[in-house]
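According to TrEMBL, the feature active site maps to B:Ser37, B:Lys90. Annotated domain 'Peptidase S26' per TrEMBL: B:7-98, B:109-149, in sequence order.
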Amino acid sequence: MATSFLWNCTKKFVSASIITVTVSDRYVTVIPVRGGSMSPTFNPKSGSLMEYVFDDYVLVEKFCLGKYKFSHGDVVVFRSPLNHKETHIKRIASLPGEWFSTYHNSDVVQIPLGHCWVEGDNAASSIDSKSFGPIPLGLIRGRVTHVVWPPQRIGAVKSIHRKDWLSFRIPTIVWPP
Amino acid sequence: MATSFLWNYTKKFVTASIITVTVSDRYVTVIPVRGDSMSPTFNPKSGSLMEDVFDDYVLVEKFCLGKYKFSHGDVVVFRSPLNHKETHIKRIAALPGEWFSTYHNSDVVQIPLGHCWVEGDNTASSMDSKSFGPIPLGLIRGRVTHVVWPPPRIGAVKSIPPQGLAFF
């Protein structure tokens with residue numbers, strides 16, 4: 001009797017684990033944010049001791065890998081183009097086919113087909129497309145929608161288009177029309 | 001009595017589906033090969049009517065996304081750098097940091113950190129790194145190990161380095 005109870009418990013535990021793993025892989029998961037490249041959105045390192053010691057945790061949704069069209073200001077999780085074993089979190093600044101520049105330099109980059117330009121909110125300390133160029137959208141593993149830890153900053157992550165980003169499409173002129 | 005039997009059946013079916021989905025996502029899956037850019041390894045389109053009408057199906061393992069180091073000649077499934085909704089199958093010809101050239105042209109390309117050069121076995125009709133350049137290893141979604149359909153060609157896929165020169 002005791003062994004069949006234990007067996008039932010084990011079966012339920014294994015089923016629950018497998019369902020959790022599947023949901024975490026395909027639909028939604030929670031991950032920690034390391035480093036200060038997205039400060040002050042994540043890990044602002046200001047104020048309480050709690051914030052200094054513990055990393056932020058965020059909710060990442062993976063429905064966006066299906067039919068969703070990424071937009072400016074989305075915060076995404078992606079595999080690093082320099083090391084496929086690392087993942088990073090940055091904000092999308094520019095989409096395929098657009099021309100991108102910032103106020104800080106006079107270079108203008110055209111984003112190739114299937115790629116995007118990502119930047120960290122903390123421009124001073126962020127390894128992003130400024131270093132490794134535009135990244136293929138195929139490297140994106142999910143989109144950050146909410147902060148879930150620490151409790152005082154629980155809330156949605158807004159899709160902000162930063163004011164110092166200049167991103168524009170050059171319309172194709174067909175002549176004669 | 002009948003409804004509890006049906007409920008038990010449904011529970012087992014749903015559990016089996018979820019386990020299959022998890023295994024397919026994380027460990028091993030079977031996919032069809034479209035097109036002939038990997039001919040004659042896949043879809044050789046020669047001989048029997050069966051081969052001409054039906055695509056090959058291959059076994060793809062995803063353990064390689066963990067600690068495995070990719071090597072020359074591995075056949076991999078990857079997301080296209082031009083369109084993240086498409087996946088392609090090609091063979092790895094060169095690895096990060098190597099200088100790569102083919103017999104057919106005199107250009108030499110250095111493969112950047114974290115990238116690789118992929119080519120199809122059917123060089124005449126293959127959209128690969130010759131068109132879109134080296135791809136980040138992060139786009140790779142799995143490694144092809146076996147052909148599982150059609151039956152005459154069931155067997156392991158060999159890791160043959162393609163015809164080219166890779167310098168280390």
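The backbone N, Cα and C atoms fix where each Cβ goes, and this holds for glycine too.
B:Ser37 (active site): 22 other CB atoms within 10 A of its CB, across all protein chains. For the pair formed by B:Lys90 (active site) and B:Ser37 (active site), distance between Cα atoms is given as 8 Å, rounded to the nearest Å.
For the domain 'Peptidase S26' (B:109-149), DSSP puts the residue distribution at 10 helix, 19 strand, 12 coil.
The Cβ of B:Lys90 (active site) has 25 neighbouring Cβ atoms from other residues within 10 Å, across all protein chains displayed.
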